[in-house]
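Feature annotations, courtesy of Swiss-Prot:
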type	residues	note
BINDING	Gly169, Asp170, Arg171, Lys172, Thr173, Gly174, Lys175, Thr176	ATP binding site
SITE	Ser362	site 'Required for activity'
Amino acid sequence: MSIKTEEISSLIKKQLANYQDKVSVEETGTVTYVGDGVARADGLDNAMAGELLEFSNGVYGMAQNLESNDVGIVILGDYTGIREGDTVKRTGRIMEVPVGDALLGRVVDSLGRPIDGLGEIKTDKTRPIERKAPGVMERKSVSVPLQTGIKVIDALVPIGRGQRELIIGDRKTGKTAIALDTIINQKNQDVICIYVAIGQKESTVRASVETLRKYGALDYTIVVSASASNPAPMLYIAPYAGAAMGEEFMFNGKDVLIVYDDLSKQADAYRELSLILRRPPGREAYPGDIFYTHSRLLERAARLSDDLGGGSMTALPIIQTQAGDVSAYIPTNVISITDGQIFLDSDEFYAGQRPAIDAGTSVSRVGGDAQIKAMKKVAGTLRLDIASYNELASFAQFGSDLDAATQAKLARGQRTMEVLKQGLHDPLPVEEQVVTLFALSRGFIDKVEIEDVQRYESELAAYMHANHQDLYDTIKKTGKLPEGDDLQNAVAKFSETFQGTKKQVAEEK
């Protein structure tokens, strides 16, 4: 077959037209060790701390240890397919996760990938998981309440938007229940919620998701799950990923509530990583920067200044104690970082006082400024009343011949503790809480038998809704008690008509 001369020149011209002189340069290294969720690689001399690195099988890792002869990498995924001698290349990017409205109602892993079987998440927005916390001048003081719907918290340890309030207690004392109830109570409050489950059983996470779905809270909630079966690096980065998702809303002027459940397991995962990376162990074998690990996370919760949109991110970190020991290393660290703590006591829990919040050791350091005036007025002496009741109750065990004043105090204390009990996933609007505590503080509940207190409370709420909705509306809109004696008269009128169980039984006979 002969080719004409003019065809040869046109073929050469075509080839030259397709020629590109751009050369893609990739900096690659070689894996020298892999195991337990960690790899080491040499040849990555210019890698940055926290940079995303890609292994030859498509799994990503994050540069953690930058040493003179190699780089320590935490592997973000299944490490069983990575072998010594594999190549690993730099991406030039730091670790990012997808953010935005598309994540609402979804369950994702630590990398923002969906794990709920509802298809891919369509968003083109991403944010780095590590970000410097807002500075002093970028913040505003906490002054807007975040209602949890739980009487004992809203009355004694009020939380404000932009606050960090620690929930601490032994296992199985109701820590997660308080966090979920708070999320459920944000319905119609224009608050975006993020629930970060760290190191939990997948069945437990599933139950939490179904609870949120049942009460209609999943529509405004993102669930980030790094379950116990995930490698340690996924547990370590999960809270930072959740914080990045929350910051997207916060910097767009919205209010965010984020729950870290729990940071004890994240600390354990970070300890595991650090020991495998051969970092020097410190107290309880935790690395020296374990305090910084938690402080840089929790400092990202803030109420932003008006110049930055006035958004907020409220953090509820959870810490699990052992045998009620709040003086251990991680609990004391997180207590010192946060703006207060809600301490759950296992003895109270098993005695039937639920939520089992210890009023003596629980405190809110900045939330008092955010508490509405009506609640301040009716709950002013509540903490003191509980403290004196606990003291009298332990003293009364030794003798029965108590004077009338002491007996009256004991009776009021018993009714106070009964009022502060609350059912699971049953948060109350703040106006109902205020009226109940008003009835308690004005002595209307003193005449009610202890077994009838909770029925009195629910019937009072129903009576007020039916006959005095305007009083509820006043409390809700103004944050203050209604002027005059209207509320006093309404509660007094209901109390006259309320019939205790004993009276009902006597009448039936």
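From the backbone N, Cα and C atoms, a Cβ is placed for every residue, glycine too.
Cβ environment of Arg171 (ATP binding site): Gln320 lie under 8 Å away, each six or more residues apart in the same chain. A strand conformation is recorded for Gly169 (ATP binding site) in the three-state DSSP classification.
Counting only same-chain residues six or more apart in sequence, the Cβ atoms lying under 8 angstroms from the Cβ of Gly174 (ATP binding site) belong to Leu344, Phe349, Arg354, Pro355, Ala356. Other residues of the same chain near the ATP site, with their Cβ within 8 Å of the Cβ centroid of Gly169, Asp170, Arg171, Lys172, Thr173, Gly174, Lys175, Thr176, are Gln320, Leu344, Ser346, Phe349.
In this view, the densest Cβ surroundings among the recorded positions Thr173, Thr176, Ser362 belong to Thr173, judged by other Cβ atoms lying within 10 Å. The CA atom of Thr176 (ATP binding site) is located 17 Å away from the CA atom of Ser362 (site 'Required for activity'). Sequence-distant neighbours of Gly169 (ATP binding site): residues of the same chain at least 6 apart with a C-beta under 8 Å from its C-beta are Lys175, Gln320, Thr321, Gly324, Phe343, Leu344, Asp345, Ser346, Ala356.
DSSP classifies Thr176 (ATP binding site) as helix under the three-state reduction. Between the C-alpha atoms of Lys172 (ATP binding site) and Ser362 (site 'Required for activity'), the distance comes to 18 Å.
On the backbone, the CA of Asp170 (ATP binding site) and the CA of Ser362 (site 'Required for activity') stand 14 Å apart. When the Cα atoms are compared, Thr173 (ATP binding site) and Ser362 (site 'Required for activity') turn out to be 15 Å apart. Its own atom aside, the Cβ of Asp170 (ATP binding site) has 18 Cβ atoms within 10 angstroms in the protein chains shown. There are 25 other Cβ atoms within 10 Å of the Cβ belonging to Lys175 (ATP binding site).
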